[in-house]
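Engineer: Positions annotated as Zn(2+) 1 binding site by Swiss-Prot, on the basis of sequence analysis: 62, 64, 145, 215. Here Swiss-Prot flags 66 as active site, proton acceptor, drawing on sequence analysis. Residues or ranges marked as Zn(2+) 2 binding site in Swiss-Prot (evidence: sequence analysis): 66, 67, 215, 273.
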C-alpha cells in the first residue's frame with residue numbers, strides 16, 4: 001500500500017536544533033500533500049530526502065508564524081529547481097493566505113515558472129470538501145484558536161473488492177471498458193440488463209482515515225468529526241500541570257488530546273506540537289504518560305522529527 005505519513009517537525013513557537021516546527025507530509029501513490037509549513041520545513045524535506053516537486057497541495061491550518069513562514073521558501077525552491085514542475089501548486093488555508101504569499105512574492109520579486117491555485121476557506125461558508133479525486137478527498141473542520149484555524153481530514157475512499165473473472169464470464173461481460181467501469185464501482189447496462197458491481201466484486205476494503213489537528217482549545221464537538229479514524233495527529237502543547245495556561249492560550253494538553261481521541265474511538269493517536277519548554281526526553285515521556293492514562297485502551301505515541309509511518313491494512317506502522 002503506497003500511503004506514507006512523514007513527520008517533518010513536532011515543535012511549536014520556534015524551531016530548535018533537534019526539533020523543527022510542526023509539519024506533516026503525506027505521500028500517496030506518487031503525490032504528496034503538505035500540512036503546515038513553518039520556518040525550516042524545507043530543511044526537513046531535504047533531511048528526509050523527500051521530493052518537494054511532488055507536492056501537489058499545501059494545507060495551512062492558520063496564519064501564525066510557526067505554521068506559515070516556511071511557505072515562501074518552498075514556493076521559491078520549486079521554481080529554482082529547474083523547469084521540471086508542470087502542474088500548478090494548490091495552496092489551501094484560511095482567508096489571508098493568498099494576500100500573505102502574493103505580497104511576499106511581489107516584494108521579493110520571486111520568479112516562479114508554475115501557477116498557484118489558492119483555495120481560501122471562509123469558515124462555516126466554504127463547503128467541507130476542499131479537494132477530491134477518485135481515490136481520496138481532503139476536508140476541513142473548524143477549530144477553536146485565537147485566530148481562524150482549521151484542522152484537515154485526509155480520507156481515502158473505500159476500494160472495490162476483488163474482481164471475480166468467472167462470475168463476469170458467466171454473465172457474458174466482455175473484457176474492456178465495461179469490466180473497468182464495474183471494477184471502479186459503477187453499475188453498467190449490458191444488453192438491456194442492469195449489472196451491479198456487487199454482482200462481480202468481492203467485499204470492498206475500507207479506506208483509511210487520517211486527521212491533522214493543531215492548534216485548538218478543547219471543545220466537545222471536535223470528537224464527532226474524527227469518529228473511528230485510523231490515525232489522528234493532534235497537538236499536545238502542554239502537560240496537565242499547565243492546563244490553565246493551555247485553556248488561556250487556546251491549546252491542548254496531552255490529557256485533553258487523548259480525551260478527544262478516546263471519545264471518538266480513534267485507533268491510533270500521534271501527539272505533536274510540543275512546547276519549547278519540553279526539551280528533555282523526561283518531559284516528553286510525561287506528556288505521553290498523561291495521554292495514555294486518559295486513554296489506556298488506545299494506541300498513543302509521541303511523534304518525532306523524521307518519523308515515517310506506513311499504511312498497513314487498517315493501521316499505520318512506524319518505519
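Even glycines carry a Cβ here, placed using N, Cα and C.
Map these features onto the structure and tell me what's around them.
Structural biologist: In the three-state DSSP assignment, the secondary structure recorded for residue 145 (Zn(2+) 1 binding site) is coil. Taking a C-beta cut-off of under 8 Å and a sequence gap of six or more, residue 145 (Zn(2+) 1 binding site) has these contacts in its own chain: 62, 215, 216, 217, 250.
Taking a C-beta cut-off of under 8 Å and a sequence gap of six or more, residue 66 (active site, proton acceptor) has these contacts in its own chain: 11, 12, 13, 14, 21, 22, 38, 39.
Just so you know, the Cβ of residue 215 (Zn(2+) 1 binding site) picks up 26 other Cβ atoms within 10 Å once every protein chain is counted.
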Engineer: What's the CA to CA span in angstrom from residue 64 (Zn(2+) 1 binding site) over to residue 273 (Zn(2+) 2 binding site)?
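Structural biologist: Distance between the two Cα atoms comes out at 13 Å.
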Engineer: Given a separation of at least six residues and a C-beta threshold under 8 Å, show me what packs close to residue 67 (Zn(2+) 2 binding site) in the same chain.
Structural biologist: 21, 22, 36, 37, 38, 60, 61, 214, 215
Engineer: Would you mind pulling the DSSP three-state label for residue 67 (Zn(2+) 2 binding site)?
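Structural biologist: Note: residue 67 (Zn(2+) 2 binding site) is helical by DSSP.
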Engineer: Got a sec? Which of these binding-site residues, 62, 64, 273, has the most Cβ atoms within 10 Å?
Structural biologist: 273
